[in-house]
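Sequence annotations record features per position, and here TrEMBL assigns active site, charge relay system to K131, S206. What TrEMBL records for S230 is active site, acyl-ester intermediate. Positions annotated as domain 'Amidase' by TrEMBL: 69-511. Sequence annotations record features per position, and here TrEMBL assigns transmembrane segment to 12-30.
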Amino acid sequence: MAPLSLLEKAQVWLFKAVFGVLFTLFRLLSPRRPVMSGKKLPPISNPLLFVSATQLAKKIRRKEVSSVEVVRAYIDRIQEVNPFVNAVTKDRFDAALQEATQVDKLIEEETGGEEVLEDRLPLLGVPLSVKESFAFQGMPYTSGVVSRRGVVATVDAPVVALLKRAGAIPIGVTNTSELCMWFESHNHLHGITNNPYDLERIPGGSSGGEGSILGAAGSVIGVGSDIGGSIRMPCFFNGIFGHKPTPGVVSWENQYPPCTGRHEEYISNGPMCRYAEDLLPMLEIMAGPKAHMFSLDRKVDLKKLRFFTIPHDGGFPLSYPVSKELMDIQRKVVERLEADLGVQVQEVCFPELRYSFQIWNTYMGLPDKEGKPPQAFAELMGEPGRPVWPMWELLKWMMGKSEHTMAAIGLSLLEMTHVSKPSPFIIQQKEKLQKEVDKLLGTDGVLLYPSHPRVAPKHHHPLFRPFDFTYTAIINILGLPVTQCPLGLGEEGLPLGLQVVAGKLQDHLTLEMALYLEKTFGGWRDPGAN
């Protein structure tokens, strides 16, 4: 295996040094948070909160329960848990109840029968939460940036519009990391979001508000986006399901920040939910006129698939090694697959995975077809004015005068280390990995891969280990579909899970695996239960 060049070694050293200094400064100078240890979410009392969106829609269509009852149940739950988790940044409860009343009236007046409603409005009357970085008409559209305070969306992002058109009722928007480029959902506009299983820990990011409110049972289905793990890390840390589709099918338009450079090749918008059966219908709706590309109506026989497992990335020196409990649970999945399905799960190794961070970092910086590079992070931080000066912003932060988080400042500092010409060695590693993985998976292969080296970290600890996201990020650059699946709770009562990866446009395979793993390992668990 070829070693890193001296320049790449220097970059890695610099990254480690910068984030070590930032973390030390943060611990010394950041204001103390209110102590949340010992506090716990109240248990779920309304049985409607234990019903999937698919089944809720059926019950609403059959008049077994009204949409108003369902929406009210979720409003009550949000009001109960949001003071603990700070996930919903702006609600629309009154409007949602009015829309639910109209849904119940529509059902009363419908003469075509349940089947007509199911075909035309598959999510009729079901509440929905939306990541605040998506344009949602009449709602805040800030992505956690203080300078965007007061910005309100004037249109709906296509994925939001499609879900609304399918009958879903949005009840609020949820918190993100600043500019959606960090895996802790914290900003100086909406504050910090907590993990429902342990309020002292992170819910992930950038779709951390979605992950948190879903995990807390304040929502049943939600919308996330993912360019480095922003659906999958929150789903992993909060014990729910999430799917990052094959890119290029689900629209990425009307999000902030917008895609520049080659980012549209790596970003995917997808469903987040507590119940596996909701993934497929949500994805079908969100894909709109391109849904046929996913072959979601194709029957999947798991016994006829080929299965592979990779227990770790081979040892990137700046990320944590995968913990024993996560390696153990992945091994249990392998054992259950072999026992239940009679298949053989082959352990494989790709040495190129060791360079996952360098591959992601390199490709995220590549110019588009016209040679235009991605918009600089410092520019985004400074909009609508001039770009920020990272060193000055760091000094301001130390004086308590910056509007930006330490994570955002750190990313802008790291951006200054980017080299203009990508490393031929890293390009070679990516191309080799792409070829090997595509060949391995084909149209009938499924790969098990860790979601993260450890369970949900304590608040702000990612500042000291910023490279642990590479387990999810490499899948974005490879352009593969992947479903994040919960696998129960670990030693500390925190969610366990793994990624299920398939070949391009084979999303239906990983969605079927999600159903199997939910049945086998129990799926989402109530964080308030004893």
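Note: Cβ is positioned from N, Cα and C throughout, glycine not excepted.
TrEMBL entries are annotated by machine, without manual review.
Annotated features, which come from TrEMBL, shown on the structure.
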| residue | record | Cβ neighbours (10 Å) |
| --- | --- | --- |
| K131 | active site, charge relay system | 32 |
| S206 | active site, charge relay system | 34 |
| S230 | active site, acyl-ester intermediate | 37 |
- Quick one: pull the CA-CA distance for S230 (active site, acyl-ester intermediate) versus K131 (active site, charge relay system), whole Å only. 11
- Task: Looking only at C-alpha atoms, tell me how far K131 (active site, charge relay system) is from S206 (active site, charge relay system), rounded to the nearest Å.
- Result: 9
